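Asker: Checked TrEMBL, it gives:
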TRANSMEM  B:20-40  transmembrane segment
TRANSMEM  B:47-65  transmembrane segment
TRANSMEM  B:71-92  transmembrane segment
TRANSMEM  B:104-129  transmembrane segment
TRANSMEM  B:149-168  transmembrane segment
TRANSMEM  B:189-217  transmembrane segment
TRANSMEM  B:229-254  transmembrane segment
TRANSMEM  B:266-285  transmembrane segment
Amino acid sequence: MKFNKKTLAYCVAAAAASSLVASAAQAQMSDDEIRIGYLADMSGTYRDLAGPGGLTAMEMAVEDFGGSVNGTPVEIFSADDRNSADVGANTVRQWIDSDNVDMVGGLVASSVSIAVSNLIEENDGLAIVSGSAASSITNEHCTPNHIHWVYDTYPLANGTAKAVVEQGGDSWFMLTADYAFGHALEADVTSVVEASGGEIVGGVRHPFPTNDFSSYILQAQGSGAKIVGLANAGSDTVNAITTASQFGLTQSGQQLAGLLIFLNDVHALGLEATQNLLLTTGWYWDMDEQSREWAERYFDEVGRMPTMVQAGIYSSTTHYLKAVEAAGTDDPETVRAQMAEMPIDDFFARNGRIREDGRMVHDMYLAQVKTPEESTGEWDLYEILSTIPAEEAYRPLSESQCKLVQN
Amino acid sequence: MMMIFGVPMAVLMGQLTLGLVNGAFYALLSLGLAVIFGLLKIVNFAHGAQYMLGAFAALLGFRYLGINYWLALILVPLVVGCFGMLMERFLLRRIAHLDHLYGLLLTFGLALIFEGTLVNIFGVSGARYSAPEALQGGMNLGFMFLPVYRGWVLVAALAMCFFTWFMIERTRLGAYLRAGTENSQLMQAFGVNVPLLITLTYGFGVGLAAFAGVLAAPLYPVSPTMGSSLLIVVFAVVVIGGMGSILGAIITGLSMGIIEGLTKVYYPEAANTVIFLVMILVLLLRPAGLFGKEA
């Protein structure tokens, strides 16, 4: 190439223009840094399903993105909400007021997520809920400022209960945790079971948390129901299943239906006690090549296989960073709109998209826990039976009570 | 079928049996607390953590050293008890002359440290510990299917309670111990090594908690937080029975298990609170507890 003054002028102009674009883009990033807050239960009942592992997943997402977006560095803040709405809301208030945090992720206990999303709405921020179960988070509690990522009670009931009734489990006894989440799940299950031609023959609402389930299992055995539905979570579910196996519930012809069960629960209970249990999950580490590849990287960091929530935290953080990159700003409203515009298809979500109520809908899976004979390793726990397409899995917008949805 | 308040007799019998099994646990744990408080005047808030350490020791002993259940039932209380003695010798003794509140704070702090450390290493999901072959399966009692292991828990816990009561109330060693707490200077003048006696007693109380932990390991998932949820109930049992009363702890433990079991049938929503209601009633009507001596 012949080098002359003209070429030089072009070069200088191009360089000046590109640096202008770059600085214009940077000017859009608040205080020259993208700040993400990770809020979760780091030490209590829900620690193992999100907790420190979820933080690692978020860090991996940022690292894989190169640690910066368009040259703006990404910083992660983290805190333990101790499953308390007050503690969670106070932390987030501080993040917003003094640390200028742009997005809050993690969010496990439903009560914490609802409190935080209200606060985020008041302050025009952005939150991505990955760990919570309550479907009300994008129904009556929806805001234009938060997104619900991994799963909720609607597909749990819809997937598991429907499949169980179809397999002939048409009479149910409900074992329900006596608080908002349990009641919501029980209501969802009841309507699905009845709509599928089944019947709820009895139930008991146990205090949260309960250590000894023997009395309730005995009542379930006495009810004569074919299915004992567990509308509880965490240690309550683990305790209930352990006790059921000691009392020979499944041997006497009844079957358990776990409605909210995480990989760490099955791992803790062991296959002897959980074999053949049906459950609905948003993701499983061994479901295909892409999932396995990510899960194995995670395993090398943490030493445990990831739960669907931990995988979802990686997926949602990456999607957020992509949206910031595409929009060229970390302004919450613009980023939220950009996120909704881009479909989500990664190792975690298939056919994913964000609806106007903030629900990220994606394919869900009906899984069955393997028997000890079928399992080939410590974490070889589920067999995926079928896929519940994204559009069928979640509560249809036509039934939504969300203020953002025109019905 | 005969009905009692709308509940079939057979169901009620089943619930009473289960209540008795849970009550045996409460009795065993509150007994340890009562021994430690009655004789040492220490409010041992680490009792739940020591129970959890017992379960963990059984689990890890089996996993890494191949120690079976029966051996664990003897070894674990000894090991955890010795650990308790170290706690008494090097920490609790230094604050023995201060108000009870300091002992409570110290033991509570230690409990948080034990729990937090294990949560960091093992997480909170817990792990399974299998009952030995001989105690697996169940028996049909006619009115219910009772897992053999629960029956064994009832027998073992009651035997241990009786042994403890006998040791303290009916033997010469127990007499020294009771005298030492009444008037330690006089006992020392008689040539009895009271500080040693106190260390041994604390170790014994801790050993009881660890014994309960080993018994619980096959029943509940072994997790670092298993003790903290139980501790508050056990304290309520001790308060109802009368702080420091050995017999009171045993009888109250069993009866609270039964009351809780009945609540689970008639009004399950209140199952976690019924014991505290009883506690409030007892505090109002008999502040020293059902079996306590008025101060």
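Glycine is treated like the rest: Cβ placed from N, Cα and C.
Because TrEMBL annotations are produced automatically, they should be read as predictions rather than curated entries.
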Asker: Where among B:47-65, B:104-129, B:149-168, B:229-254, B:266-285 do we find the most Cβ pairs under 8 Å to the transmembrane segment (B:71-92)?
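Answerer: Per the Cβ count, the answer is B:47-65.
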Asker: Excluding the flanking five residues on each side, which residues at least 6 beyond the ends of the transmembrane segment (B:189-217) place their CB within less than 8 Å of a CB in that stretch?
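Answerer: Residues 25, 28-29, 31-33, 35-36, 39-40, 42, 44, 47-48, 50-59, 69, 72-73, 76-85, 87-89, 92-93, 129, 153, 156-157, 160, 164, 176-177, 179-180, 226-227.
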Asker: What parts of the chain pack near the transmembrane segment (B:229-254), using Cβ distances under 8 Å and only residues at least 6 beyond its ends?
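Answerer: For the transmembrane segment (B:229-254), the sequence-distant neighbours (Cβ-Cβ under 8 Å, at least 6 residues beyond its ends) are 20, 23-31, 33-35, 37-39, 45, 47-48, 51, 161, 164-165, 168-169, 275-276, 278-279, 282-283, 288-293.
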